[in-house]
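So that you can see what the record holds, here are the features copied from Swiss-Prot:
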type	residues	note
TRANSMEM	7-27	transmembrane segment
TRANSMEM	39-59	transmembrane segment
TRANSMEM	63-83	transmembrane segment
TRANSMEM	96-116	transmembrane segment
ACT_SITE	Asp117	active site
TRANSMEM	126-146	transmembrane segment
ACT_SITE	Asp133	active site
Amino acid sequence: MFKKNRWFWIVAVIGLILDQVTKYITVQSFEQIGDTFPIIPGVFHFTYVINTGAAFSAFRGGVGWLKWLSLLVSLGLMAFAYFGPHLNRWEQLAYGFILAGAFGNGIDRFLFGYVVDFLDFRLINFPVFNLADVFINIGIICLLISTFPHKSRVP
């Protein structure tokens, strides 16, 4: 059924599972919001926070339209991969990662009204984020790579 754009579906499903499992583990492992566990003290911690905004805490403060944007992007990407053209490998990876991130954070927004974040790079004082945010950024990088000219294979 999903033979066309197979890598899109594989990346999206695996990414979504990883995102949701890591968020679940975070919620179950910490007693309260704000608790932290240093992996490399002062550099990288697992810190349990909730985020009512977008990636990397942009638009903080309960922006309700983000859940609808996540849903629209997710449905649009799935329709494009299923009904649209056969995508090259980089495009499949790109859109699969973006779907995993958008759908993962979208699920959280619809169920809880916020997203669970836990990756805390303190060395550079960066906002706490999650795997869905990482996947969206990896997807954007893959999409940029897909625009580079590639040599075609000689049969």
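For all residues, glycine too, the Cβ spot is worked out from N, Cα and C.
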(message) To the nearest Å, how far is the Cα of Asp133 (active site) from the Cα of Asp117 (active site)?
(response) 9
(request) Could you tell me which three-state DSSP class Asp117 (active site) falls into? (result) strand
(request) Please indicate, using numbers and ranges, the residues of the same chain that are 6 or more beyond the transmembrane segment (63-83) and have a C-beta under 8 Å from a C-beta there. (result) 2, 4-5, 8-9, 12, 52-54, 92, 95-96, 98-99, 102-103, 105-106, 109-110
(message) Counting across all protein chains present, how many other Cβ atoms fall within 10 Å of the Cβ of Asp133 (active site)?
(response) 23
(request) Residue list, the transmembrane segment (126-146) vs rest of chain: Cβ under 8 Å, 6 or more residues beyond ends. (result) 15, 18-19, 22-23, 47, 49, 51, 55-57, 88, 90-91, 93-102, 104-105, 115-120
(request) State the non-local partners of the transmembrane segment (7-27) in its own chain: residues 6+ outside its ends, Cβ under 8 Å from one of its Cβ atoms. (result) 46, 48, 77, 81, 87, 89, 92-93, 95-97, 99-101, 103-105, 107-108, 116, 118, 130-132, 135
